[in-house]
Structures are given as C-alpha cells and as structure tokens.
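Asker: First the structure, which I've put down as structure tokens, then a few questions once you've had a look.
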Amino acid sequence: MEIEENERRVLARFKSDTGEEVGNLVDLPITVTTEQLTSLCNSLLNQEDEPTPFAFFVEEKEIVKTLEGVLDTSNELNAENVVDIVYQRQSIFRVQAVTRCTSSMPGHAEAVISVKFSPDGEKLASGSGDTTVRFWDVVTQTPHHTCKGHKNWVLCIAWSPDSTRLVSGCKNGAILQWDPNTGQQKGQLMKGHTQWITALAWKPYHSDPSSRYFASSSKDGDIRIWDAFLCKCIRILTGHTKSVTALQWGGAGLMYSASQDTTIRVWRADDGVLCRTLKGHAHWVNTLTLNVDYVLKRGSSFDPNVSVDPSNPETVHKAAKDRYDLVVSGSGERLVSGSDDFTLYLWNPEKDSKPIARMTGHQQLVNDVRFSPDTRTLASASFDKSIRLWDGRNGRFITTLRGHVQAVYMISWSADSRLLVSGSADSTLKVWSMKTKKLMHDLPGHQDEVFAVDWSSDGSKVASGGKDKVLKMWQH
Amino acid sequence: MPQNEFIERHRKLYGRKLDYEERKRKREAREPHKRAERARTLRGLKAKIFNKERRNEKIQMKKKIKAHEEKQVKQKHENVKEGALPVYLLDRDVQSNAKVLSNMIKQKRKEKAGKWDVPIPKVRAQGDSEVFKVIKSGKSKRKAWKRMVTKICYVGEGFTRKPPKFERFIRPMGLRFNKAHVTHPELKATFYLPIIGVKKNPSSQMFTSLGVITKGTIIECNVSELGMVTQAGKVVWGKYAQVTNNPENDGCINAVLLV
C-alpha cells in the first residue's frame, strides 16, 4: 500500500498552447519535475539537439516544481482520466534583470519626455522640453549629438525600422528627420499639422524595407502619412473629431488610431480608406498595442537565436516577413486599447468591429498597455498605482502588481517576456518578475517623476528619463 | 433745427474748403500751446478740474503706448514654456507643482541637532503664569497644586484622563485642536491637515510634553494627502510645520511647512 502511495502515476498528454496534441499518452509519476517534463517534451518534439525551455500548465495553473503541486490530490486520482499538460515555449535566451544605475547623463535643460532605443539596440535617442533631440552613445554612456531644430517641446520620437533615421515631432506640429550617425537634420521640415504631434509610427519593415513611409497623428484630429525621402505629406486621413492619442501601423497594411472621441479607427494604409470604426469605450482612448508590436519594433534586427546574414537585404527582408507571419499565424493581429473609462478592450481589428473581450478592474484611467514579446501576456499601467497582467489571447485577468505609490506612467517588456519594467510618478522604476508575479527590484534614483522608460531590444540596458532632466541608464 | 443733413450733402457734392486740411493741421499744432496757456492761467476750482482731466488723459495715453509696445514684442519671438509634459499628460489638468523633493536625511540630521531653520526664529517666551491658571482644590479650597492650561493644546488620540482627583494639568476640551491650516511655502497653497504631534514648544520642554501650541511651536502634520514622495519613492507621511499665529487668540492654527 505504501509503495503505491509513493508511486502514484497519472496518464498525461502534452498539448501546445494553440491546442495541438503532441505524441501519445504518457504514464507519469506525479512527482515528476519541470526539468524532467522539459526534456521529455523536447524529445517528443524531436528537438533534443536544440532543446528549448518550456513552461507547463495544467488547467491554467502553472507547474512550479512538480506535477503534484497542481493536481487536485484531495480527490481520488482516477486512472482513467487523462491530464492535459499544456506547454508554452519560452525564449531560449534570458534577459538579466537590471539592478543598478550605471550612469546619469545630464544635458537636457528641461524634462526628458521620450526615450527610445533604436531597433538594433545600438543607439539611444531622447526628446526633451528644451526643444532638442539628443543622441547618446550606448556603450560609453556619453552624449553623442545634440540636434537643434525644433521650436517647441519635442513630444515624440520614432526610430525607422532599419535604425538609420529618427523622426521627431514637436508641440508646434512640426516633424523633423535626423541622421543618428552625424546628428544632422535630414531633408526639410515637415509641416502640416496645426496642433501638436501625439504619435509617430513607421511602416513595418517587412512591407517597406527601405523605411520610406511613416505616419503621424496630431491633436488636431488628423493622421498624415509622410514620404520620408521627399519630406512630403502624401495622404491625410481625417475622420476623428477630437485629438488622436495613439497610432499603430500594423503589419497587414492596416493602421489603427485611437482618439479622444472614444473611437478606434482602422484605416487601410495604402489608399487611406476607413475600414472599420471600433466603438466600445465610453471615454477617451489613451493607448493602443498590437500583439505584433515587438516584431515590428525590431524591424531589421533579430533576436540572438536567429541567424540572418545582415549584408544581404533580401534575406533580411524575408526573415522579417517570416517572423511576422509566425506571430500572426496563431490568431492574427490583435489590438488592445486602454481608456479613460478604466477598461481595456481586446479587438480582432482585421475581421471584426466587435470586441473579443472587455477587461475591467482598474480603478483609474489606463495610461499604457503593452503586449509581451511572446504575445501571451498583456500588461496595463494605470493611474491607480497598479499594473495589471492579462492573458494576451482571451483577456482573462492574471494578477495585479502593486508597489508604486503614485500613478504608473509607462511600462516596457524585456525581450524574453520574463521581466517588466515600469516608470512612475513616484520617481522610481520597478522591475517585476513574470515568474513570481512579484516585485523583483526597486530602482530609486530619479529626483522626480519618470516620464519615459525603454528596455533595449538586446535586453542589457534600460534607459529612463523624467522631470528631473536627467537620462539614466540601468544595467545588471 | 436743420431739416436735413445738408452740410454733409454739400460736402459730398462740392468737397471741403480748399485750405481745410492746412487750417486743421495748424489748429492742431497750436493746441498744446493753448493748453499750456490755460494750465498757466487757470486758478481755483477750474484749475483743479482741468488738472484732474489732464491727468486722466495722460494715464490713458501711457496705457495705450504700453499696450502697443507689448503687442510688438509678442510678434517678435514666442518663448518656449517651462515645465514640459509628455503627450499623455498634455490634455490632463496636471498641477504644475514644483514637487518638493523632501530630503529625509537632511531633516533627520536637523532633528538630531534640535535646531531648525524656521520661519519665525525668535518667539516671545511664554511664562508659566501665562499658560497655566492655578486652580484651588480641597474641601476648603486651600490647596493650589492643580493647573489648567489656558492655551491651545494638541492631545494625542489614545489619551485618557487621569482620575480628576490626581490630575495635575487640566487641558480643557474646548481648547483642544487636532487639525491645522498648513501653508506650503513653495506651492503657495494651504491645506487643512491633521496634526500628528507637537515636536517642540520653544518656551519650555514641559509645554512640549503637554502639547501646548503657541506661536512658534513646531508641530508635526500628516501630509500624506499632498502626495509628496521621497527620493526612494516612498510617500512622505509626517512633516514639520511652524505655527505662525497666536492660536489662543484666533481660534485656529495657522502654520507654515518646513521644507
């Protein structure tokens, strides 16, 4: 009898997170560990030579140590029942959590409003209230170039997907293009918007390898598509009745814009036709994110486990296209919007104008929402001082991350989806672990509110800027 | 009474007198001289009225000139405003409060030294006779060891009175306060904040322990609703403030925050 107690076994079956079954039924002891499950799963998938890490779930509960922990052992284990073990492929590389401030870079004479790493992670740019855009050397952490040209606060910046150019928009509604290597202005000033620029988005790399087109949205309610080579506006999309707050250029040729008139509009980027209007929110829509955000953001650079010859533009283009197709193959492009009515909506904007899910729980407006790079998790930052995590496929609530003592302004995922960093009005950054769903590191150091934070795509650095006019770099 | 606008009609038909403009110019050129003459010769009430009118005229003139000058300056350059905000805060009414970065270490060091750089450095000392009223007790009112505090007090929340027979210091309920109007010197804003405790009454250590609040007393206030944050990102809870009025005279406590 006792022997039997130690050797309780269950019939199990492996399933991928999209629902495909792998191999036959296996007879497992319930004391099996996650390491053993990983090697077993790798051998079932015939990839013993290139093993990948996995996370396992039974009925949506994660197996932390052994299978025993998640099985309902109070009930008599039925030998007839088959336990479905869902495996999720994790990224092979691991990003180390940032723990310390390696440098504070003064230079800006006013609050730092936007901070962005280039898609290849080798360059860093920041826009500030002192009307300059500055480029910083990531390796030596020193200033590179100061770009003067704007006449008012530089509100948003965006790197071209091939990392060769940067566009910046200011409060006067002017857009300028910069060369990160020389710090010189490229082309002419692009004027057209009558009010300040709220967002900039480049056409994705896989549909525009030369990085020619980008779009800008403005407080005046218009969206303009620009030709970056000719510095000319080629199309104006009008329709929103109030300020456009967020803009995303999807990979399937659609463009998504959110506005204070409570709607989200889906445009066909090629001819500017309004495809769909997504209604549901009851107040301003503040932010948008796509599940393909990360692959679009990477542009012409790749994760370390993908080997692409960078000298051959055709292979790079093809690899980018393949990578995009892989991500959308599961569920297509998904859009998530966060709003002033404290809710988030999950949309399938390519096909349907009805939301898939409505995510409620925040007690204050949602300021930022981001898909994790593996598209499985959503994180939303709110003025109620909390960050909430949601399932990226069905919008199910996962957990709340509490720790900030004031409004959370911005969040950024690490490239391996295991870590999240958040910047807040309480002048700290906090690093959260997705494994434990808890606070991992508290990073004080800023003197005042943190307005912008970005995690470099190679995962080694975090840059943040805020009201105290200093740009800070954080590393392991 | 003219039955028609015949003067205007004539002007339209035949124009003005040929030397009209010339005469007008000369008349206007003579005007300051005439005015000066009047100013010199007028006497009495008429002079008073004249001077008053002239003064008002000059004020209006100067105002107009100034307004014109400002208009011209504005056209030249538009200054970039300070206090840049990110896009997501632009449409929200964010108070551009210069957030005070409280320096906890500094305050602690000051606390140790027992000295503050306070708004009211010198306060008139309050004598015992002024603060306490002697109360006679005993059957024939011969004993005089009881004292009643005649100034405003702060009494902690958990305080329970001693049995009346043994109570040496009586702090009347009517003179107890637990909230103060605290002004933030940099924000220039006043908040009605709960008092946490009396840190120091400069007159005497005994007043401090009794919680007597007079002018110049340092009190500790609950500033959590101001939303101040330390450098480590923790909420500042208690902060010191100095009383700036005579609460026993005014019936309220006004204080200024020490930052």
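For all residues, glycine too, the Cβ spot is worked out from N, Cα and C.
From TrEMBL, here are the annotated features:
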DOMAIN    A:10-69  domain 'NLE'
REPEAT    A:105-146  repeat 'WD'
REPEAT    A:147-188  repeat 'WD'
REPEAT    A:190-227  repeat 'WD'
REPEAT    A:237-277  repeat 'WD'
REPEAT    A:359-400  repeat 'WD'
REPEAT    A:401-442  repeat 'WD'
REPEAT    A:443-476  repeat 'WD'
Asker: Using DSSP, tally how many residues of the repeat 'WD' (A:190-227) sit in helix, strand and coil.
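Answerer: Breakdown, helix to coil: 3 helix, 18 strand, 17 coil.
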Asker: Which listed stretch (A:105-146, A:237-277, A:359-400) has the most C-beta pairs under 8 A with the repeat 'WD' (A:443-476)?
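Answerer: Ranking A:105-146, A:237-277, A:359-400 by Cβ pairs under 8 Å to the repeat 'WD' (A:443-476) puts A:105-146 first.
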Asker: What is the average pLDDT across the repeat 'WD' (A:237-277)?
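Answerer: A mean pLDDT of 90 is what the predicted model shows over the repeat 'WD' (A:237-277).
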Asker: Mind checking which residues of the chain, 6+ beyond the ends of the repeat 'WD' (A:190-227), have their Cβ under 8 Å from one of its Cβ atoms?
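Answerer: Same-chain contacts beyond the ends: 152, 155-162, 164-165, 167-177, 233-238, 240-251, 253, 255, 257, 259, 261, 267, 269, 272, 296, 299-300, 313, 316-317, 320-321, 323-324.
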Asker: Taking helix as H, G and I and strand as E and B in DSSP, count the residues of the repeat 'WD' (A:147-188) in helix, strand and coil.
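Answerer: The counts are 0 helix, 21 strand, 21 coil.
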Asker: May I have the DSSP-based helix, strand and coil counts for the residues of the repeat 'WD' (A:401-442)?
Answerer: 0 helix, 24 strand, 18 coil
Asker: Please list the DSSP helix, strand and coil residue counts for the repeat 'WD' (A:237-277).
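Answerer: The counts are 0 helix, 22 strand, 19 coil.
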